[in-house]
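Visitor: Got a structure for you, questions after.
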Ligand SMILES: Nc1nc2c(c(=O)[nH]1)N[C@H]1C(S)=C(S)[C@@H](COP(=O)(O)O)O[C@H]1N2
Ligand SMILES: [Mo]
């Protein structure tokens with residue numbers, strides 16, 4: 001029966017084994033391919049037997065885990081995790097890999113603690129006592145659909161156990177991202193893990209349901225509801241029915257019930273294919289005639305042709321749907337684990353060889369049949385010894401049970417797991433060499449390519465793995481291609497920064513004997529934001545000293561900029577620069593700014609951060625105290641959970657967010673805005689926009705934001721932000737930051753524009769559509785205070801009557817201050833019943849309602865609406881004598 005994972009588990013099988021084997025060699029049977037290794041290394045492969053049983057590896061122990069502080073405020077606050085895991089997508093969702101050395105050191109099997117995790121969203125909750133009652137269905141094109149509980153799955157079917165290496169299709173993607181940013185986050189080379197999986201072959205369940213003629217695919221769906229629906233994908237029906245493929249409906253990993261991150265209580269596990277097909281938290285198995293139409297099946301886990309750019313990919317639905325580009329089998333791949341990144345080897349120890357070691361895997365059950373290594377850039381190669389721990393399980397005696405499942409391996413010809421290779425290389429040779437590169441070949445004689453095949457999702461990256469050797473005094477220092485996530489380091493970034501073209505077929509190095517000019521330069525795709533003449537190194541302390549309104553400095557891509565000269569000119573107001581002071585704002589900057597804005601950056605560039613400062617910033621995702629009195633923070637993103645969406649017109653909704661606690665104040669001055677940040681669930685790209693909420697800035701506990709959703713239509717693409725926001729289910733959070741904006745209404749006619757105070761006798765406010773929101777804020781402040789003498793007229797232009805947003809509230813506000821406020825609606829497409837004004841906000845209307853500027857500096861016009869409207873209104877006003885001093889465009 002399934003059991004929870006005890007922290008110090010005793011070996012459940014009769015086989016005794018060292019509990020935490022320090023190296024793979026010790027726990028593995030001799031490999032079947034004995035490559036000609038140098039230095040007699042094959043002698044380190046021991047054959048161990050106990051009680052006449054051939055030994056096979058058992059999993060390393062788990063440590064005791066708890067819920068980590070960072071997870072507390074996320075929807076995953078029920079999940080216990082190991083703090084060694086490297087988070088690749090910020091705090092949430094949880095996408096992690098272990099440090100490469102730790103992963104390798106654990107040996108053939110990876111513990112639950114260090115197993116990589118790829119979660120597209122939150123982890124569905126299933127309490128321990130409920131796991132047996134969890135059900136999933138087998139349905140679709142079958143004669144006998146049925147629903148199965150986990151209890152029935154365990155009680156009525158024979159269980160099997162065997163080792164499987166899961167690999168995310170994004171493994172090694174950071175290398176692609178350094179060459180050119182793909183639409184995916186940066187996995188290092190540890191996006192893979194191996195475990196003993198226990199469950200029922202899926203063929204048995206599908207056979208019971210009796211597929212009908214025409215059925216060709218099997219779709220899987222999980223319980224995790226994501227912005228684009230539940231996670232789901234499909235594989236071929238044929239594969240499911242083929243015992244050789246080994247597809248399991250699994251409920252135990254390494255002998256324990258599934259950890260929440262790995263699909264508790266039940267999931268699909270597909271050996272030899274990318275991890276993305278192994279659906280976790282399984283709810284539905286559907287037999288179909290066509291591949292899955294799930295969003296994640298179409299827009300994830302594909303290798304599109306290399307010329308499809310991130311920009312172009314947004315408009316190519318047919319390309320995405322082309323099943324030929326979907327990934328199923330893994331490709332041959334390998335990495336060097338030792339020497340590790342930054343490892344130093346002394347030249348004076350007297351040792352004459354260094355044992356270069358690493359992992360390799362093939363796909364589709366194909367064995368890695370050779371592993372080659374070069375230290376002269378591929379001119380000559382030597383063979384490494386390969387060690388296949390997986391084969392030891394094939395030798396288990398007939399009937400051997402492991403974790404309640406039959407150890408079902410002896411007859412299999414397939415290779416479902418990673419293998420390990422090693423080769424001794426003379427230290428003197430390494431001293432002479434510039435780099436070490438490795439490549440694997442599989443039994444289909446497919447060999448890893450020298451050159452990268454870049455593609456828009458950055459998947460299946462498998463060029464030769466290259467470690468650079470640096471000679472430093474009396475030692476050698478080794479440098480891997482990259483470090484995972486945003487961690488700096490690796491030769492790829494270094495070479496690129498130095499102007500090398502990583503795609504020149506020579507790892508970005510100058511090709512000897514060739515003229516510089518003959519080397520094809522990488523086309524300049526990114527705007528240069530640095531001043532090449534600036535070479536100042538800036539420390540963390542110096543940066544921290546510029547964290548206030550005085551001389552705010554900020555960091556983009558590791559470079560430091562002084563925002564002081566631009567405080568007044570910045571379109572977002574000084575607050576947006578001050579808010580970023582002393583912080584790394586790389587992501588936000590990229591998300592918000594145009595190419596023009598980027599081109600201005602060299603003028604403000606003053607230096608770059610030193611290594612220590614870079615490292616410090618990389619690790620400091622600022623945490624906010626959830627007990628704080630004010631929700632919005634100018635300098636840090638804070639989270640609020642979406643509570644509900646209330647539809648108020650055909651395309652407009654109020655999104656209600658719950659703040660950290662009931663007495664927490666929003667903290668937004670009248671007339672200012674807040675920033676909302678969402679992430680594209682598949683690409684993890686940040687989308688950031690400014691909104692003015694409906695709530696008053698002094699409201700507590702909840703925050704209402706009115707958003708007009710720009711849906712995609714056949715003619716044009718809709719809004720990225722608004723559609724993404726609309727697709728977020730209740731219970732998910734959104735990031736906020738603020739306030740931002742140049743205008744603030746202080747009350748009783750006093751306002752501040754870019755920090756300069758002025759008194760206003762009358763506000764002329766012109767808005768259209770959802771542009772009403774900042775106007776709404778000012779109007780509310782000015783009508784609510786009965787002692788406020790300020791006059792105002794609001795002109796609200798819309799298409800049809802139903803488009804008028806917040807009409808009742810606007811009427812009520814103006815109604816309470818009739819003697820000094822007026823509200824006019826005008827419609828361009830009125831129904832016959834409309835008795836109000838008709839037509840656009842044009843010259844006639846403005847001359848009648850606003851009139852020429854009588855006393856410059858006394859009255860003000862505030863405008864907020866669609867860009868075309870803002871422009872035309874601005875032009876008309878200029879013609880009427882209004883100067884920009886008295887016009888404010890939100
Ligand atoms: N329901 C569900 N299943 C899922 C995913 C997910 O986000 N939701 N991620 C997939 C991807 S892309 C991978 S690589 C594997 C990762 O499995 P692991 O987290 O157990 O290592 O799960 C797959 N199954
Ligand atoms: Mo994945």
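Placement of Cβ uses the backbone N, Cα and C atoms for every residue, glycine included.
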Visitor: Look up region 'Disordered' in TrEMBL and report which of 12-67, 68-123 it refers to.
Guide: 12-67
Visitor: With every protein chain in view, what's the tally of Cβ atoms within 10 Å of the Cβ of residue 168 (Mo-molybdopterin binding site), excluding that atom itself?
Guide: 24
Visitor: When the domain 'Cytochrome b5 heme-binding' (535-610) is classified with DSSP, how many of its residues are helical, how many are strand and how many are coil?
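Guide: Computed counts for the domain 'Cytochrome b5 heme-binding' (535-610) are 29 helix, 16 strand, 31 coil.
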Visitor: Per-residue pLDDT averaged over the domain 'Cytochrome b5 heme-binding' (535-610) comes to what?
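Guide: The answer is 86, the mean pLDDT of the model over that range.
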